[in-house]
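Here is what Swiss-Prot records for this protein:
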- ASP28, ALA78, THR79, THR80, SER102, TYR103, ASN104, MET105: NAD(+) binding site (BINDING)
- LYS29: NADP(+) binding site (BINDING)
- HIS134: active site, proton donor/acceptor (ACT_SITE)
- HIS135, GLY144, THR145: (S)-2,3,4,5-tetrahydrodipicolinate binding site (BINDING)
- LYS138: active site, proton donor (ACT_SITE)
Amino acid sequence: MRLAIHGYGATGHYVHELAPDAVVAVIDKTKTAEQVPSYGTLAEMTESVDAIIDFSHPSLLPDLLAYGIKTKTPLVIATTGFSEAELQTIRDASTQIPIFQSYNMSFGIAMMQQLLKTLVPLAGAFDIELLEKHHNQKVDAPSGTAELLLRTIQDLRDVQPVYERESTREKREPNEIGMHSMRGGTIFGEHEVLFAGVDELIEIKHTALSKKVFASGAIKAAEALIQKSAGLYTLETLYTQEDSHVIN
């Protein structure tokens, strides 16, 4: 497998560290790799690759999708902070090439989604709250993974997200789900779903201890994706070995 890394920050470096023989090019405007050719843009890259792993920035999405479509290259998109309009462009592009898009590449988050699918239908009498914690350099809130978990819950229960309560000063409604974000220190990522019932609590929590878990997940996604036809693939379908599907 021949890979290009699009975005050579901390997680991109870990991808290179974990798969040194597979990475044949790095694309980043400000950073270079010593062992392989480095380019400022995808258009400059001369190597042919089986897949591109993207840990860059939403502003680079148009060029990434255009390159993928032009060269028929599968894309693993792990960048966070996309708008709904940008997510729609990913969906549109996936009708032409295989795209794997997830805000969190860890196996544990896929397991957490499966646990929620089991628990949410059973916990109709419980209030649900969602808390995410990240390092003090993260700019988007709530995190993309928190939004992913929210959508998983909403597929099973009619709940509306509430992002702050100070302005309303009203009691909590049964169909609400509180979304809470904390930023500080060097927290890699922590996500917790709280089910609050009468005199009892149920908590599901995932903590990432290193960015390597995201890099490893991206490599596994690339290995699976190069065998697939056009479509938009998710972390959940990869790890549960279900058939691929396009998200409309």
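Cβ from N, Cα, C; glycine included.
Features recorded in Swiss-Prot, as mapped to the structure shown.
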{"residue": "ASP28", "record": "NAD(+) binding site", "DSSP class": "coil"}
{"residue": "ALA78", "record": "NAD(+) binding site", "DSSP class": "coil"}
{"residue": "SER102", "record": "NAD(+) binding site", "DSSP class": "coil"}
{"residue": "HIS134", "record": "active site, proton donor/acceptor", "DSSP class": "strand"}
{"residue": "GLY144", "record": "(S)-2,3,4,5-tetrahydrodipicolinate binding site", "DSSP class": "helix"}
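The residue listed as 'NADP(+) binding site' sits 26 Å from the residue listed as 'active site, proton donor/acceptor', taking the C-alpha atoms as the reference points.
Here ASP28 (NAD(+) binding site) is compared against the recorded positions HIS134, HIS135, LYS138, GLY144, THR145, and the shortest C-alpha distance is to LYS138. Residue pairs drawn from ASP28, ALA78, THR79, THR80, SER102, TYR103, ASN104, MET105, the listed NAD(+) binders, are separated by up to 21 Å at the Cα level. Recorded residues THR79 (NAD(+) binding site) and HIS134 (active site, proton donor/acceptor) have their alpha carbons 15 Å apart, per Cα-Cα distance. Between the alpha carbons (Cα) of TYR103 (NAD(+) binding site) and GLY144 ((S)-2,3,4,5-tetrahydrodipicolinate binding site) lies a span of roughly 5 Å. For the pair formed by ALA78 (NAD(+) binding site) and LYS138 (active site, proton donor), distance between Cα atoms is given as 15 Å, rounded to the nearest Å. Spatial neighbours are here defined as Cα atoms within 10 angstroms of one another, and by that definition the neighbours of SER102 (NAD(+) binding site) among the recorded positions LYS138, GLY144, THR145 are GLY144, THR145. Using a 10 Å Cα-Cα cut-off around THR145 ((S)-2,3,4,5-tetrahydrodipicolinate binding site), the recorded positions THR80, HIS134, LYS138 reduce to THR80. Across the structure, the residue listed as 'active site, proton donor' and THR80 (NAD(+) binding site) are spaced 10 Å apart at their Cα atoms.
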